[in-house]
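Copied over from Swiss-Prot:
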- 17-529: topological domain 'Extracellular' (TOPO_DOM)
- N23: N-linked glycosylation site (CARBOHYD)
- N37: N-linked glycosylation site (CARBOHYD)
- N53: N-linked glycosylation site (CARBOHYD)
- C67-C292: disulfide bond (DISULFID)
- N68: N-linked glycosylation site (CARBOHYD)
- N78: N-linked glycosylation site (CARBOHYD)
- C79-C91: disulfide bond (DISULFID)
- C112-C154: disulfide bond (DISULFID)
- N180: N-linked glycosylation site (CARBOHYD)
- C296-C320: disulfide bond (DISULFID)
- N300: N-linked glycosylation site (CARBOHYD)
- C488-C492: disulfide bond (DISULFID)
- N498: N-linked glycosylation site (CARBOHYD)
- 530-550: transmembrane segment (TRANSMEM)
- C554: S-palmitoyl cysteine (LIPID)
- C561: S-palmitoyl cysteine (LIPID)
- C564: S-palmitoyl cysteine (LIPID)
Amino acid sequence: MKTTIILILLTHWVYSQNPTSGNNTATLCLGHHAVANGTLVKTITDDQIEVTNATELVQSISIGKICNNSYRVLDGRNCTLIDAMLGDPHCDVFQYENWDLFIERSSAFSNCYPYDIPDYASLRSIVASSGTLEFTAEGFTWTGVTQNGRSGACKRGSADSFFSRLNWLTKSGNSYPTLNVTMPNNNNFDKLYIWGIHHPSSNNEQTKLYIQESGRVTVSTKRSQQTIIPNIGSRPWVRGQSGRISIYWTIVKPGDILMINSNGNLVAPRGYFKLRTGKSSVMRSDAPIDTCVSECITPNGSIPNDKPFQNVNKVTYGKCPKYIRQNTLKLATGMRNVPEKQIRGIFGAIAGFIENGWEGMVDGWYGFRYQNSEGTGQAGDLKSTQAAIDQINGKLNRVIERTNEKFHQIEKEFSEVEGRIQDLEKYVEDTKIDLWSYNAELLVALENQHTIDLTDAEMNKLFEKTRRQLRENAEDMGGGCFKIYHKCDNACIGSIRNGTYDHYIYRDEALNNRFQIKGVELKSGYKDWILWISFAISCFLICVVLLGFIMWACQKGNIRCNICI
């Protein structure tokens, strides 16, 4: 019985001891900040890892309107760029206009003689990139024919008219002589000439306008030649006409010469457009134009370019984020997040970074928590925090610099006869987008991995720095904490934080306290052994007492035991 009492008292004494509560010791833990709800990001090694903070890299919505600053945006309203160039009567307001971006609306329409352009997309692109409709009339001499043909399908006011940049030539009297006209380019810039050929709806209309049963138009330069023969025949009626005009174009280089030969059906140029090299463009959009500032425009509206990627539209103009297929990509701008546990430590005490993070840190990403004779406290470590922030800052800007396009992505158009080219172009564009989408995901995963690794490294650096300062004056308790074997008040803790701690001052006291404490301190393993031994002895004593009672009762006759075989 005495043995049992002694063991119980010893067990109670063991658990009543708290190694960190003495006035001659202190506990110092290192940790990093945490948040209750972090953000999931992707790294090279993990599909989902929680961090304290992250920045979205994909712009997924526009502002819903096109900003007229930082670019000169020209609203085409009811006119397409080509109609404005040809001089459709209802587009006269656009003559001599300039633009960085010409906006074509879905409500745009032609209101003159019906026409087609076999290479519409190329002509549209050339005129759009020039950024101007500057036109210069030239003195072409057309002898023996009637100029300035008009049509009831093309009203200028209430009068019949025609495209202002083209000259429709028809017979004069009963003749249409062969025309041979030359026009040299003596300037130092490229000239764009627009011309066409008329396709009558019937043979009767052909001879009525041009005498000959079939005309021909040949336009040549030193570098090229085009010969077009009219296709006579009825077509669907458009604005009262079943005939058509096909529009063609020729670029004449400096020192070259334009030659026009025709015996009928010619729609002649009146002059040239001056071609300019630039980054102007054209875009189809119904978004309203408003006064605001944006460096990136899409058909959906302008978008900010403070992110490296966008998922709004493949067609862009200006300094724009790269288009990718992902709706979201998050860049880690904080460390690995380990939410703080409510109960920490073996005795409910403070715990270090290996166990969990610390919520509520406002003065740094890394810091110290301590228990000493003056109580408990917490303080951030600015140096390690700044080192981590300096490495993370600029990541977003570097990603933007790598990905933002400093040019526009124009729309691609092809005629039906170029269907195979269109399919090939679509395949190439889709492949480019897939490649960029993969590269974007890989780039962000690499950056996230680097961010998490470097923030973990800063935590380890701070721990090693503290351990080297304390040396033999403290013991690594595991979990990111140290037990300091000397009295360490708040001033002492402050010297450890700022790197001025002198372990020689406390060395003798620490060694003395360490030996005293080690003499009586029982490790958790010994506590377990004492518990098991105490339990075993108690069970044995209970069995002995019970057996003795049974034997005593049998001897007194109070209990009878019958054994039957």
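Cβ coordinates come from backbone N, Cα and C, glycine included.
Values in this document were obtained by computation on a predicted structure and should not be read as measured data.
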Candidate recorded positions N180, N300, C320, C554, pick with smallest Cα gap to C492 (disulfide bond) | C320
From the Cα of C154 (disulfide bond) across to the Cα of C67 (disulfide bond), what is the distance in angstrom?
-> 34
Round to the nearest Å and give the CA-to-CA distance linking C91 (disulfide bond) with C488 (disulfide bond).
-> 86
Cβ neighbours within the same chain of C79 (disulfide bond) - under 8 Å, at least six residues apart | D88, H90, C91, F94, A108
Work out how many Å separate C554 (S-palmitoyl cysteine) and N23 (N-linked glycosylation site) at their Cα atoms, rounded off.
-> 60
Three-state secondary structure of C488 (disulfide bond) from DSSP?
-> coil
Cβ neighbour count (within 10 Å, all chains shown) around N78 (N-linked glycosylation site) | 14
Rank the glycosylation sites N37, N68, N180, N498 by the number of other Cβ atoms within 10 Å of each Cβ and report the first-ranked residue.
-> N68
For C296 (disulfide bond), name the DSSP secondary structure in the helix/strand/coil scheme.
-> strand
Nearest-integer angstrom distance between the alpha carbons (Cα) of N180 (N-linked glycosylation site) and N300 (N-linked glycosylation site) = 49
